[in-house]
Amino acid sequence: MVGSRSQTNLGGDPQTIQGVVKHFGSRYGTSNKEIHRQPKNFDDSELETLLNDYPDDETENRQRGIEKEIKYPKSVFFIISSEFCERFSYYGMRGVLALYLKDSLHYTENNATIIYHMFIVLCYFTPLFGGIMADAWLGKYNTILYVSLLYATGNIVLSFGSVAAFSIPHRELSFLGLFLIAVGTGGIKPCVSSFGGDQFILPQQEQQLRSFFSIFYFSINAGSVISSFLTPMLREYHCLGSNEDCYPLAFGLPAALMIVALVIFVFGSPMYKRNNPQGNIALQVVGCIGHAVAKKISSTKKKEHWLDYAEDKYSVKLIADIKVLMKLIYLFTPTIVFWALYDQQGSKWTFQASRMDGDLGWFTIQPDQMQTLDALLVLFFIPLFESIIYPFLAKLRLVRNPLQKLTVGGFLAAFAFLLSGALEIYIQELHFNI
């Protein structure tokens, strides 16, 4: 506090701002004229602020020593490795799912597409419950552990249900497996990255935290690329005495990787830093919105914003944050259309590719391998756009802010799907003529 910091040798009266600034003037470029402009009397809070803004050499050296003493948490390597295996499992299974529904379970293309997207919807809806469960009751570690057990079980059930040689209810077992996988992947999705962030001490390890997230998201893309390329190749083989595609092997490898992911995560348990559940912000947001709506309906008073009616029960900060959230929801609502189209690469685009010739002479591209291009192009285009294309467009005053980039990307996506639609018309006409 101020009392302890006032003992520092400032080279002048520590109780005058001139004495403080004179000491730091040579280091921070403060002139004598600027010093004498300061008031002669100031309170302790102003001195504390000034000392915090301009730390002395001793304080800076002490801070550097603390940063050096705090080692990079080894526990995050278990989290990153587990995430790589889990993403390999998810994208590998998802890549061959549409063709499995059509060719093995004998659904029509339209029905297979509906089932596929119902599965995707469930995968991205369950994270809401996973986050609530982790923040309010179980904690992140227990949520990841328990839900991963369901996740691995779902992969095993799906793999077992795809064995055509067994006289078992294939569809029922496959749907049970898909349900457990959707609950599993959705349940851990909001927990893993934040649990990794919990392993760091802030603000001392802020730079190390940034490097962790870079490695973490690289592992996601690496798992996606490798599995999207490899799993369709496993599907090609004939296995278990069948002349059809080997879906048990194509689903079996992701199941094995999910088990490995769970084992790796458990091995790191002694090293993990675990925070106790402290309540879920999603529940607070829903409660605040519901209370504001109810108060607005029953109240005769007029307020500037409808969320202000919740001020009698919720903090001003929470209400202000929700106002910002509402603006973000309005801004990103159009992206719903983009993502609805984007996820068709695993269904309609895969079926379209199955009616095309993937033979390149030296290599044959499988229909479900086309999804590999997505992650590869992302890894290629991000540095290209950031270092060359966006700076060039900015000089031309064409695309200079994120909203403009979002708009241009939307038009490019629309054009891509127009091309896809035109190609599908051409394919259907060609097959009809044949």
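Yeah, the Cβs are placed from backbone N, Cα and C, and that goes for glycine too.
The transmembrane segment annotation in TrEMBL covers 114-132 (among others).
Residues annotated as transmembrane segment in TrEMBL: 144-167 (among others).
Residues or ranges marked as transmembrane segment in TrEMBL: 212-230 (among others). For the transmembrane segment (212-230), the residues of the chain that approach it from at least six positions outside its boundaries are 76, 79-81, 83-89, 91-92, 95, 193, 196-197, 200, 253-254, 257, 368-369, 371-372, 374-376, 378-379, judged by C-beta separation under 8 angstroms.
The transmembrane segment feature in TrEMBL is assigned to 250-268 (among others).
Residues or ranges marked as transmembrane segment by TrEMBL: 324-342 (among others).
Under the heading transmembrane segment, TrEMBL lists 375-394 (among others).
With a cut-off of 8 Å between Cβ atoms, the residues of this chain six or more beyond the transmembrane segment (406-427) that come close are 334-335, 338, 341-342, 349, 352, 355-356, 399. The feature transmembrane segment is assigned by TrEMBL to 406-427 (among others).
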Should anything in the same chain at least six residues away from the transmembrane segment (144-167) have a Cβ under 8 Å from its Cβ atoms, list it; otherwise answer none.
86, 89, 93, 100, 104, 130, 134, 138, 173-174, 176-185, 187-188, 191-192, 195, 240-242, 244, 247-248, 250-252, 254-255, 258-259, 261-262, 265-266
